[in-house]
Amino acid sequence: MLGKALLLLLSSPICAWAQSAADYYVKSIPGQPDGPLLKMHAGHVEVDAETNGHLFFWHFQNRHIANRQRTILWLNGGPGCSSMDGALMEIGPYRVKDDHTLIYNNGSWDEFANLLFVDQPVGTGFSYVNTNSYLHDLDHVAAHMITFLEKWFAMFPEYESDDLYIAGESYAGQYIPHIARAIVERNKNIQRNQQHWPIKGLLIGNGWISPRDQYPANLQYAYAEGIVKEGTAIANELDGIEKSCDEQLNAPGAGDLVDIRQCESILNKLLDLTRTSDDQCINVYDIRLKDATCGNAWPPDLDQMTDYLRRADVGAALNLDNGKANGWTECNNQVTANFRMGHNGVPSIQLLPGLIESGVKVLLFSGDRDLICNHLGTESLIHNMKWSGGTGFETKPGVWAPRRGWTFEGEAAGYYQQARNLTYVLFYNASHMVPYDFPRRTRDMVDRFINVDIANIGGPPADSRLDGEKLPQTSVGNTTSSTSGTDQVDEAKLKDAEWKAYTKSGEAALIVVIIGVSVWGFFIWRARQRAARDGTSPTKKGYRAVYQDGVDNNSSTDGAGLLSRFRNQSNSNSSRDLEARDFDEAELDSLTPNLQNGHERDHYVIGEEDEDEDNDIGNGAKSSLH
């Protein structure tokens, strides 16, 4: 009885509360560059105890504070593609070299904002869940993120009052507005003991947002870029598929669907019909490139990043739960397949107008060399969207905001267009992953969007202009290493908040110990009383109950005794109840193509697939919106 009581106590929420920021601190990272280590935290946070659902995060503290604190939550897409893409190939402070050493990203977004990368939904990247418990809809994705943030801010309260921005790319164009709406609703119904989360803006790059506007844009883009020539046999076949797609898009209820199978076949067939005699096809993420997988092995950094993240010492540095370090893959097609099994929620295009009208700024940006979520589709959805009393970029009826040419450090970079709290930026010569191609330009863009004031930071300003007019100063990658006076004041506030958080965690841990000792003492007292009545001696027999049934008293009790047995029992699952990310390197090598062999990712299909369609693209792969 006593053993079971103590196990119940240790598994209570109080024990979970005892976890603190210190448990997630990253002391060092393999291959780190010379110089002081950036302040980082990483690890798993439980979001669903019933399904063993845990989300992995990697957090980087900002290097400077410009007038106020900001946090950017970054999500990659898929669904089922890891946000480590964003951390190590796009906006994070490090890039991985061939020899697994890390170099600084000169355009990292952590210069003036805290960065929080989260692998989600559960089962993505380093996150995990029981294999029969993958998510199927966007509402559950948003609910898990709210749970994650509640727990994360409880451990890191110094960031809870930061201006909050949510950013990402591709299928995150669905995640981000749904999560933002959940935050807005939470703020409206806030409880007395909760803090308001100041959500300020959303940034979506080459996002999948509006099926009605973006499916037809695939063929439009192919014609515009000369991938397909109108009037040819290939064009006629594709036109027929597009006609069927258009019928589906206009069918009753189609406006509430994120995935439409018939429309997805346009891109699949386009890639098949344009494959060359030497088995090369267009890279759907960058049409300037061709390979046998249609972009599945792109970008080039993916190989070394995958090997790096599978290293045991990297997993240990990132505080991964036991057994979770070996199985990282960029995109988990089991997450993708399960997400497509049912109606996964309304398209995010239905949420954007309300979010903008509630005061949340939105920035959409596109690389003009991307096919799979191309800029024509994004421009079409903006043109047709109605919000704040107007349609598209109207400034007044019949008058649209102009496109303003953008130059960065003397080169034509793209253009800006803005109206009524929505900004659109087109990047010239950029792929699906714009920050991968142009980290400094995207840093300039994000600093302007989040209203960074660098007056007290120092460093030569970047030369960024719209229509030749010099913009307010930003300093991309050139800030001084010293901390400004504003930094010092805010640093003191952060340390005070951190100390309070650690104190709170310590108090919770002390409560656990006190209650545990009290319960233990009560049962010992009861045992002695019973022994006195029965005339027996309260010897070791009274203490045997501390151990679980069937566990020998001679088992080790050194620091890991009872607790380690409790963990082993709670973490053991039946052979059928495997965890989504719980496999080792040997198992990875034996996976079939349907289960993400090596570094290839499953091409994403917006809609369901037939079994006999597995070979539609790139030797059995469909394009991921990663």
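Every residue, even glycine, has its Cβ placed from backbone N, Cα and C.
According to Swiss-Prot, the feature active site maps to Ser170 (among others). The DSSP secondary structure for Ser170 (active site) is coil.
Residues or ranges marked as active site by Swiss-Prot on the basis of sequence analysis: Asp370 (among others). Reduced to three states, the DSSP call for Asp370 (active site) is coil. Long-range Cβ neighbours of Asp370 (active site) (same chain, at least 6 residues apart, Cβ-Cβ under 8 Å): Asn206, Val284, Tyr285, Asp286, Ile287, Ala430, Ser431, His432.
The active site feature in Swiss-Prot is assigned to His432 (among others); the stated evidence is sequence analysis. According to its DSSP assignment, His432 (active site) is coil.
Annotation comment: Swiss-Prot describes 607-616 as compositional bias 'Acidic residues'.
What Swiss-Prot lists as region 'Disordered' is 460-489 (among others).
Here Swiss-Prot flags 558-582 (among others) as region 'Disordered'.
Swiss-Prot lists 606-626 (among others) with the feature region 'Disordered'.
The feature signal peptide is assigned by Swiss-Prot to 1-18.
Annotation comment: Swiss-Prot describes 19-504 as topological domain 'Lumenal'.
The topological domain 'Cytoplasmic' feature in Swiss-Prot is assigned to 526-626; the stated evidence is sequence analysis. Per-residue pLDDT, averaged along the topological domain 'Cytoplasmic' (526-626), amounts to 39 for this model.
For 505-525, the entry in Swiss-Prot reads transmembrane segment, with the evidence type sequence analysis.
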Cβ packing number for His432 (active site), 10 Å threshold: 30
For Ser170 (active site), the number of other Cβ atoms found within 10 Å of its own Cβ: 30
